[in-house]
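Novice: Got a structure for you, written out below as structure tokens; questions coming shortly.
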Amino acid sequence: MAGAAIALVLALLAAPPPAHAAGGGRCAGESFSANRAYATCSDLPRLGASVHWTYDRASGDLSMAFVAAPAAPGGWVAWALNPSGDGMPGAQALVAGPFPDDGGGAASAWSVRTYNVSGYALGDPGPIAFPASDLAAELGADGRARVYGRLRLGPYGAGVLNQVWQVGAAVTGGAPAPHAMGADNLAAKAKLDLLRSTTAAAGADSATQKRNIHGVLNAVSWGVLLPTGAIFARYLKTFKSADPAWFYLHVACQLIGYGVGVSGWATGINLGKESKGVTYTDHRNIGIAVFALGTLQVLALFLRPKKEHKYRAYWNMYHHSVGYTVIVLGVVNIFKGMGILGVEQRWRTAYIAAVCVLAVAAAALEAVTWGVVVRRRKAEGKTFGGASANGHLPH
């Protein structure tokens, strides 16, 4: 039971597929207006975008087209090269949208503006580090925007470049409104190798991998091992033949689950430090609560009274209530984490299946153990209302 659930979860947050090799995938069938054509293309790993280009190594000129759908009608799209980092600060961006004309009038046909982005805010349009020409943009009948341009890369064209892209939902006051902060938006960056004509997901061995490790560790620990340990404790101890095996199984699942969960929690703290300006408040707060309550559970093991102690009943109530709270909060936070990571639906379905396996097992064991307890109490002349089997209260 636990093994099958863990196997489902281990595949849950697999790394996202890399970008397609140059010239392959959906981008190969793309067509452009004005007889534009490009030597190479690649489907980018986020936001359903693609980039097409022809690079003249002798002159250092890059002719490119970027294709993506705005986040909503009236929105915008952007593509950038970043010579100084792999994120937004330092990006030399081409931003296209239904911007007002130069006279400040109403929104016109699609056009392109250039931005030298110095921080996490877009700033004002202006010249970029790569002299740009032949800039144009259009919105196709399929709802996707196509951005064209020619960039003079100079010495930057000799190796692998960082590219960043983005989509937004609106143009407000003549300027692009802030984009969403979803997982795909935050991870929309890649390496662009002009000479080998390929793209590769940026940070696949760093930030993305850390996020996936964080998700897997927490899903396996709080989401599978701890519920499995609770099932062992609640149901197996009903069977006298399972004593004391149920206790060791319970403790093993809880301690291993807690240990793995602490590792997942630590990776989350580290990710938070590395993602300045990005905070998932609910996910963070629930994670802190789960860690704190889980730690209390472990510490409570050292204060566990003996069975005959007068405070044992109170300790049991505390242990059960905190334990079930940790499990519920842990599962809720796993689903929140999947939303942040942008996990594909099939992996969400896989985790839901894992939770259902545990829930069905618990329901079946609940029915079986109640039957065992009822038969045992009848055999002992007891009932659940405090009366004996013959209807008289016990002396």
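The backbone N, Cα and C atoms fix where each Cβ goes, glycine too.
Since we're looking at a predicted model, the values are computed, not measured.
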Novice: From the ranges 177-195, 215-233, grab the one TrEMBL calls transmembrane segment.
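Specialist: Of 177-195, 215-233, TrEMBL gives transmembrane segment for 215-233.
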Novice: How many angstrom lie between the most widely spaced Cα atoms of the heme b binders H214, H250, H283, H319?
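Specialist: Maximum Cα-Cα distance: 27 Å.
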Novice: Residue list, the transmembrane segment (286-303) vs rest of chain: Cβ under 8 Å, 6 or more residues beyond ends.
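Specialist: Here the qualifying positions are 218, 222, 226, 251, 254-255, 258, 261-262, 265, 268, 315, 318-319, 322-323, 325-326, 329-330, 332-333, 336.
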Novice: What does DSSP give as the helix, strand and coil breakdown of the domain 'DOMON' (47-168)?
Specialist: 5 helix, 61 strand, 56 coil
Novice: Looking only at H214, H250, H283, H319, the binding-site residues on record, which one has the least crowded Cβ, with the fewest other Cβ atoms within 10 Å?
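Specialist: Each of the binding-site residues H214, H250, H283, H319 was scored; lowest Cβ tally within 10 Å is H319.
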